[in-house]
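For reference, the structure discussed in these notes is given below.
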Amino acid sequence: MAFHKFFLIQFFAITIIICIIISQISFAQNNESIIDGFFSRGGHTNNWAVLVCTSRFWFNYRHIANTLSMYRTVKRLGIPDSNIILMLADDVACNPRNSFPATVFNNAGRYLDLYGDNVEVDYRGYEVTVENFIRVLTGRVAPDTPRSKRLLSDDRSNILVYMTGHGGNEFLKFQDAEEISSFDLADAFEQMWEKRRYHEVLFMIDTCQANTMYSQIYSPNILATGSSKLGENSYSHHMDTDIGVAVIDRFTYYNLEFLERVDMQSKATLQDLFNSYNPSFIHSTPGVRSDLFRRPLNKVLVTDFFGSVQNVELTGQQYNISNSDIGHEINISDIKMTEYHSKESPRESEKSTSKNFHLFNVNSKQSSSLPQFLIASILFGILIKLVSSII
Amino acid sequence: MSDIAYALTRLRRRRRLFQTLKKWGSKLRFLLFAVGTCWLFILPSDQYHKNTYISENALLPGQVNTYYSWGQVHEATAFRDNITLISNSSNIEKAAYVENELRKAGLKTAMQNFTVNISGKEISGTNVYGVFNAPRADGTEALVLSASWKSKDGETLNTNGVAIALSIGKFFKGYTYWSKDIIILITDGGEAGVQAWLESYHDHPRSDISSAPLLLRSGAIQAAINLDFPSTNDYKALGIFFEGVNGQLPNLDLINTVIRVCRGSYNIPIMLHDSGHHYSNYDHGNYYDSLHNLLQTMRHQALCHPTGSHGLFFRYKIDAITLYGHTSARISNSFSFMEIGSIVESTFRSLNNLLEHLHQSFFFYLLPTPERYISIGSYLPPALLLAVGLILHALELWGKTGDEYTEGPVSENYHPKSSSSNGDANYIVPLPYNNRPRQILFPMTVLIVTHFAGLLIFFVITNHFSYNQLSKIFGIQEFIFTLSLTTSISIAIPATLIQVRSLNNKPLSKQIPKPASDWMVLKSFTLAFTAMIISCLSVLNFSLAVFISLMVIIPFSLFEPTPKHQILQYLQLLVLIIISPPGILLFSGTNIDEFLRWALMEYELLGSYLLPFICCFYWPNILVYSVIVFSSDYEN
Amino acid sequence: MTIQSHITGGLIFGAAFTARLILFHFSNITETLGSRIEIVTPVTSFTRLTEGLYLFENGVPPYDGGAFHQAPLLLACFQLLGYLPVIFTKLTFILTDLILAYYLTDITRMKQQLYCHFPRLKVELKTKEIDPWIVAGLYLFNPFTIASCLSKSTIIFTNLSIILGTYYSLKNNKSYGMFWIAMASYLSFYPFMLVLPTILMLINDAESKGKNIKSEIFSCAGLYAGWLSGLLLLSYFLVGSWDFLEATYGVILLLPDLTPNVGLFWYFFIEMFDQFRSFFLVVFQIHAFIFMVPVSIKLRNHPLFSMFLLSGIMAIFKSYPSIGDASLYLAFFPIYSEIIKYMRYNFLTTNIFCYCSILSPIFYHLWIYAGSGNANFFYAITLVYTIGNIILLVDATYAMFRREFDIWNPDLRNYEIIQK
C-alpha cells in the first residue's frame with residue numbers, strides 16, 4: 001500500500017513537471033512576440049524636446065536657424081509648445097543687420113520663415129547659460145519658475161535634446177562666456193535618470209567635434225548622435241548672400257532633409273535616419289552611440305522622439321465609470337499628488353536652506369575679512385612679542 | 001663633500017662662462033650684428049612670411065551681394081561732372097555743393113570751418129560731412145567714409161573719390177540693414193582738415209587748430225575708409241595705404257577685408273603704396289618686389305609720416321586705410337565707379353557686422369605682399385639682436401673698467417680649519433675692493449649736458465619760425481639762422497666738455513689701482529643707453545629703430561680715442577658728422593628749409609615724434625661720441 | 001661740520017628747491033605726473049584727496065563718494081592749507097621733501113657715529129665715509145622722488161613720518177620715535193612692519209646702558225599702541241564716524257580698487273576667480289608682512305639696515321605701491337655706501353630701472369591709447385620692475401653679510417663663499 005502511495009505521488013510529480021515544461025515551452029513562444037512588441041513599442045506616454053542654440057552674435061545666424069528648424073519639425077510632428085523648451089542665445093530676427101527684419105530663414109531660397117508665427121522662445125539671450133540648461137534638465141529650477149520654463153517630464157517621457165553652437169573636444173561654448181563639458185552633460189543625464197525624469201533620450205548635437213560631447217554619458221536608455229568626430233569641424237551648408245551669412249549647418253540640413261519626409265503616421269526608424277547620413281555630403285563624420293540604448297534602432301520610430309504620437313494601449317480590463325469608482329480614482333490621484341509633494345518638498349527645503357547659506361556667505365564676505373586681518377595682525381603682535389622676548 | 005664638489009663645479013662653470021664671454025665678446029658682438037642684419041634681409045623671402053587670414057569671425061568679407069549698380073554709376077558720373085565744373089570755385093562753394101547733394105540724399109549735414117597757422121603758413125578750409133543714422137540701431141557706433149578734396153599729391157583734385165563718396169552716401173540711405181551710423185566726410189586743406197574734424201568730433205584739441213565745434217555728431221567711430229581716386233580717369237590698380245602717424249598701423253583685419261572683397265568680386269590688382277608691383281589672387285611675388293614693399297613701409301614708418309588722411313584716425317583708436325586709384329600700372333583691364341562702389345559697399349557691409357572695434361588680428365606686422373604678412377614675433381628678433389650686441393659691449397667695457405685682477409683657478413682641497421694660514425695664490429679670488437674705482441661723475445655730466453644740449457636744439461628748431469624778425473636783421477634766411485644756431489650748440493657743447501676734462505685731467509694720483517679712462521665708462525654708458533633707446537623704440541616704431549641701429553652700431557662700437565693717430569681721430573669725427581642729422585640731410589641732398597618746414601608741421605599738427613626723438617635722443621648720443629673720440633686715453 | 005660742507009648742503013638743497021619750484025610751474029607736467037598710475041595710486045592720489053576735501057567741506061561724509069581712501073588727518077591738514085594761496089600747497093610738498101632729505105643727513109651722521117666703534121675692513125680705514133649731504137642729494141635728485149613730489153602724491157607724508165621715526169629712534173627718543181612710526185602706520189598701514197626695527201634701535205641703545213630690555217619693549221609697544229589709538233580717536237572726532245577705517249585700511253587690505261599700478265596685486269586679482277579671492281588676499285598680505293620677523297632677527301645689530309630692507313619689501317609687496325615707495329628705500333640705501341663695492345649686479349639693476357622707467361609709459365600707451373597692446377604688456381613691465389627691486393635688495397643683503405663676514409674673518413676674505 002505504501003509503495004502504491006509513493007508511486008501515486010511520484011506520478012503526480014512527474015505529470016506536474018511535464019505540464020510545467022510543456023507550458024513553459026508554449027509560453028516561450030508567446031513571450032517572444034511579447035518581448036518583441038515590448039521593445040519595438042516605445043513604452044513612453046509623452047514626448048519632450050529641449051532645443052538649445054548656445055551662440056550669440058549675428059554671424060552665428062545659422063545656429064539659430066538650425067534650432068528654429070528643429071523646433072518647427074518637432075512641432076509639426078506633434079510635440080506641443082508646452083512640451084518644448086526652446087533656448088535661443090540671440091535674437092537675429094530683430095538684429096539691425098538683418099536685411100529681412102523679423103524673419104529667420106534656413107535656406108537661401110527663403111521659402112519658409114522660421115520665425116513666422118507662433119514661436120515660443122522659453123529661454124532667450126543671456127538666460128541661455130550652462131546653469132539654466134542643467135537646471136532645466138535636472139529639474140532643479142527655482143520655485144517661481146513658470147511652467148513653460150520647466151521640463152516636466154516623468155519616467156514615461158521620451159526627450160529629444162538638440163544642441164548647436166561652437167564646441168571643441170568635450171565642450172560646448174555657451175554665449176562666448178562659459179562652456180559645458182561632456183562630463184557635466186553626462187552627470188546631468190544621470191541625475192535625470194536617478195530622478196526618473198525620462199524614459200528614453202535622444203541626444204543630438206551639431207557642433208565642431210560634436211561626437212566627443214556624448215562620449216562620457218553613462219546613463220541607460222540614451223541614444224546619441226553628433227555631427228563630427230574628434231578633430232573634425234562641422235561646416236555650414238550654404239549661405240544667403242543677401243543676408244550675408246550662412247543660414248544652416250550641414251548636419252542639421254541633412255537631418256531636416258530626412259525629417260521633412262516624415263509625418264506622424266510614418267514608420268521610418270532612427271536606423272533609416274542614421275543610414276541617411278552621408279559623410280561626403282556632411283563634410284564630417286557623424287557618429288551614433290547606441291550602447292546605452294536597449295531597443296534595436298531599426299525598431300525605433302523617428303516619431304518616438306521627434307514627434308508625439310500617442311499609442312493606444314488596449315487592456316483586457318474594463319473600467320467602471322460609476323460614481324464610487326470615480327471617487328476611488330480621485331483618491332488614488334490624491335495619494336499620487338501627496339507622494340509627489342513629499343518627493344518634492346525635501347528637495348525644496350534643502351534648496352532654500354542652501355540658498356540662504358549662500359546668501360549668508362555673500363554677506364559675510366564683506367564684513368568678516370577685516371576681523372580676519374585684525375586677528376592675523378594680533379597674532380603677529382603676539383609673535384613679535386615672543387620673538388623680542390627671546391632676544 | 002659632494003655638496004662642496006657640486007658648488008665648486010658650479011663656480012668653475014660660472015668662471016668659465018665669464019672667461020669665454022670675455023674672450024669671445026668682440027666676436028660674439030660681430031656675430032650678433034651679422035646675424036641681425038642678415039635676418040632683416042631674410043624677412044622678404046617667401047618661406048618666411050605667411051598668408052594673411054581673417055581673424056575676426058564677424059567680418060565675413062565678400063559674402064554679400066552688392067547692389068551698387070549702373071544706376072549709382074550714372075549718379076556718380078553726374079557728380080563727377082558737376083565737381084569738375086565747380087573745381088575752380090572757392091572752398092565754401094564746393095562745400096556748399098556737397099552739403100546740398102548730401103542733404104538731397106536725405107542725410108543730416110553740417111559744415112566746419114577751420115584755420116591753423118603752422119610752420120609759417122596759414123591753412124584754412126571747410127569740412128563738410130553728412131550723417132546717416134542707422135534706422136534700426138541705437139546710433140552708438142559709426143563708420144566713416146572720407147574723401148579729401150585734394151589727392152595725396154596735394155595738386156590733383158580727388159574728383160572721382162568725392163563723387164563716389166557722394167553716390168555711396170545716397171545709395172546707403174536706401175537700405176535698412178545698418179547697425180552703425182554712416183558718416184560721409186569730405187575734408188579740405190589736406191591733413192589739417194582731417195585733424196581739425198577729428199579733434200572737434202572727439203572734443204579733444206591737441207594742436208593749434210582753431211575750428212568751429214561740430215553741430216552734428218554720431219557714435220564712437222569704429223573704422224574709416226578714405227577714398228583717394230584722383231582726377232576723372234579709369235584706374236588700373238588699387239593702391240592700399242595704411243601707415244599712420246608714428247608708424248602706427250591699422251588692425252590687419254581691415255586690410256585683409258578690403259583685399260578679400262577685391263578678390264571676391266572683381267579680381268582687381270592690388271598694389272601696396274605706389275610701389276609699382278601689383279598683385280592678383282594669392283600672388284606671392286618675388287623676393288625683390290617684396291623687399292621693395294617692405295623698404296617702402298619701413299621708410300614711411302621711420303619718417304613717422306602718415307601715408308594718407310587715414311593715418312590721423314589712429315590716434316583716436318580708429319582703424320582706417322586709404323584706397324588709392326593707380327592709373328599708371330601696366331595692366332590691360334581697368335576699373336571705375338562700378339568696381340570701386342561695389343568694393344566700398346561690400347567693405348562697409350563687413351564692417352557693419354562688427355560687434356566691437358577691430359582687435360582680433362595683428363597691430364604689429366609687415367606686409368611684403370598684400371596677402372602675406374610677417375608678425376611681430378618674426379621681425380622683432382633681428383632688431384633685438386642688434387640691441388643685445390650693444391648691451392654686451394657695454395657690459396664688457398663696464399667690466400673692463402672695474403676688474404683688473406688675476407683670476408686663479410678654483411681649488412677643491414681647501415679646508416678652512418686646517419689650512420687657513422696657507423695663502424696659496426691658487427685660492428685667491430677677486431676682492432671686491434681690489435677693483436679699480438670707477439669714475440662716473442664725468443661720464444654722467446657728459447650724458448646730462450649733451451642731452452640738455454639736445455633739448456636746447458629741439459627748442460631752437462621748434463621756434464624756427466619765430467626768428468623771422470631776428471633773421472631779417474641779419475639779412476639771412478631763417479633756416480640758415482636755425483641751422484647755424486643748432487650747429488654752434490652741437491659744436492660748442494662737446495668742445496667745452498673736452499676742454500674742461502683736459503684741464504681737470506691732473507696727472508694721475510698714486511691711487512692704486514688706478515681708475516680706468518673716462519672714455520671707457522662714458523662709452524659703456526652711451527652704448528647701454530643707445531641699446532635701451534633702440535630696444536624701447538622697436539616696440540613703438542620698429543622701422544625707425546632698425547634704421548637707427550643700422551646707422552649707429554658700427555661707428556658706436558668701433559670708435560674710441562686714438563691719440564697716437566690724429567688722422568684717425570678726425571676720420572672718426574667725419575663719420576660722426578655724416579651720421580648726425582644735419583650731415584644726413586646734407587649728404588642726401590634734401591632741401592633743408594623744406595625739410596624743417598615739413599618736420600615741424602608733422603610735429604605740431606600731427607604729433608609725430610620724429611623731430612623730438614632725433615633732437616633729444618639721437619643727436620646727443622652722437623655728440624657724446626665726439627667727446628669720446630677726443631678724450632684722452634691714459635690707459636696706454 | 002666745516003663751512004665748505006655747509007655750502008655743499010646749501011647748494012644741493014637750493015638746487016633741489018629751485019628745480020622743483022620751476023617744474024611745479026609747468027602745470028601740464030604736474031597734471032601728467034598726477035595722473036600716471038606708476039606714480040599715484042588710489043590711496044595716494046591728490047586728485048582723490050581734493051574730491052574728499054570737497055565733500056568734507058560741504059558737510060558730506062568724505063568717504064561716501066567711494067573715491068577717497070586716505071587718512072582723515074590729511075583732510076584736516078589740507079583744509080587748513082586751503083585757506084592759504086594755492087602756492088602753499090606746492091610749497092608744502094617741496095618743503096616736505098627737503099625736510100625729509102635734511103633728516104636723512106642727520107640719520108647718516110648718527111649712523112656713522114654709531115658705526116665708528118664697529119670694526120671695519122682694513123682697506124676702508126683710508127677712505128672717507130660718504131658725505132651726508134650726498135645722501136640727501138641722491139634722494140633729492142632721484143627722478144623717482146622728483147616725479148613723486150611733482151605728482152603731489154601723499155605718500156610723501158608717510159615717507160616723512162618713517163624718516164622722522166627712524167631719526168628719533170636713533171636719537172633714542174622713544175616717545176617721538178614710536179609716535180612717528182605710529183603716524184606712518186596710520187597714514188598708510190604698511191609701515192606697521194617697521195615697528196620692529198624701530199624697537200630694536202631703541203633696545204640696542206638701552207642694552208648698552210644696561211636697562212631692563214623687557215620693560216623697554218613693553219613700553220615701546222605700549223607707546224606705539226597708545227599713539228596709534230590716539231591718532232585713530234582724533235580721526236574719529238574729526239569725521240565723526242568709524243567709516244574711515246573701512247575706506248582707508250579696508251581698501252588697502254581688501255583691494256576693491258583694481259586700478260593698475262607698478263605692484264603685483266592688481267593683475268592677479270583681476271584674473272582671480274571670486275571664490276579664491278579672500279584666500280589669496282590673505283596670502284598676499286601675509287606674504288608682505290612675513291619678512292618683518294626674520295629680517296629683524298637676522299639684522300638685529302643693524303636695525304637701520306633692516307629698516308632699509310623692510311621699506312624695500314614694502315615698496316614691492318604692498319597692495320598699492322608706487323615709485324614714491326621705491327624712492328624711500330632708495331634714500332636709505334646710500335647710507336650704507338660701504339657695501340656698494342660688494343654688490344655684483346649694479347649694472348643690471350640700473351639698467352632694469354632705466355628700462356622700466358621708459359617702457360612702462362610706452363606699454364601703458366600701447367595698451368590704453370593706441371589700442372595695439374593689452375594689459376599683459378604693462379603687467380610684464382611691472383614684473384620686471386619688481387624683479388629689479390628684488391635683485392637690488394637681495395644683492396644689498398648679500399653685500400652686507402659678506403662684508404661682515406670679511407670683517408670677522410680677515411684671513412678668509414680672499415675666498416669665495418658658497419652657500420651649500
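Placement of Cβ uses the backbone N, Cα and C atoms for every residue, glycine included.
TrEMBL lists C:7-26 (among others) with the feature transmembrane segment.
According to TrEMBL, the transmembrane segment annotation covers C:80-104 (among others).
As annotated by TrEMBL, transmembrane segment applies to C:176-203 (among others). Sequence-distant contacts of the transmembrane segment (C:176-203) (same chain, six or more residues past either end, CB-CB distance under 8 Å): 43-44, 70-71, 73-74, 154-155, 157-158, 161-162, 164-170, 213, 216-217, 220-221, 223-224, 227-228, 231-232, 235, 248-249, 252-253, 288-289, 291-293, 296, 299-300, 303-304, 306-307, 310-311, 313-314, 318.
Among the features that TrEMBL reports, transmembrane segment is placed at C:215-237 (among others). Proximity of distant same-chain residues to the transmembrane segment (C:215-237), defined by a Cβ-Cβ separation under 8 Å and at least 6 residues beyond the stretch ends, is recorded for 71-73, 174-175, 178-179, 181-183, 185-186, 195, 198-199, 202-203, 206, 244-245.
Using a Cβ-Cβ cut-off under 8 Å and counting only residues 6 or more beyond its ends in the same chain, the transmembrane segment (C:249-269) has close neighbours at 37-38, 41-43, 69, 188-190, 277, 280-281, 284-285, 316-323, 360, 364, 375, 378-379, 382-383, 385-386. Taken from TrEMBL, the feature transmembrane segment covers C:249-269 (among others).
Sequence annotations record features per position, and here TrEMBL assigns transmembrane segment to C:276-297 (among others).
According to TrEMBL, the feature transmembrane segment maps to C:309-333 (among others). Tertiary proximity for the transmembrane segment (C:309-333) is limited to same-chain residues at least six positions away from its ends with a CB under 8 Å from its CB atoms, namely 38-44, 100-101, 104, 135, 138-139, 142, 144-145, 147-148, 153, 155-156, 159, 162-163, 190-191, 193-194, 196-197, 252-253, 255, 257, 261-265, 284-285, 287-288, 291-292, 295-296, 299, 386, 389-390, 392-393, 396-397.
According to TrEMBL, the feature transmembrane segment maps to C:345-370 (among others). With a cut-off of 8 Å between Cβ atoms, the residues of this chain six or more beyond the transmembrane segment (C:345-370) that come close are 36-38, 143, 260, 262, 377-378, 380-382, 384-385, 387-388, 391-392, 395.
Nonlocal intrachain contacts for the transmembrane segment (C:376-394), taken as residues 6+ away from its ends with a CB within less than 8 angstroms of a stretch CB, comprise 260-264, 267, 309, 312-313, 315-316, 326, 333, 345, 348-349, 352-353, 355-356, 359-360, 363-364, 366-367. Annotation comment: TrEMBL describes C:376-394 (among others) as transmembrane segment.
Outside the transmembrane segment (C:80-104) by six or more residues, the chain places 13, 16-17, 20-21, 24, 53, 57, 132, 135-137, 139-140, 145, 149, 152, 156-157, 159-160, 163-164, 167, 331, 335 with a CB less than 8 A from a CB of the stretch. Long-range neighbours of the transmembrane segment (C:276-297) within the same chain, counting only residues 6 or more positions beyond its ends whose Cβ lies under 8 Å from a Cβ of the stretch, are 190, 192-193, 196-197, 200, 253-255, 264-265, 268-269, 303, 306, 309-310, 313-314, 317-319.
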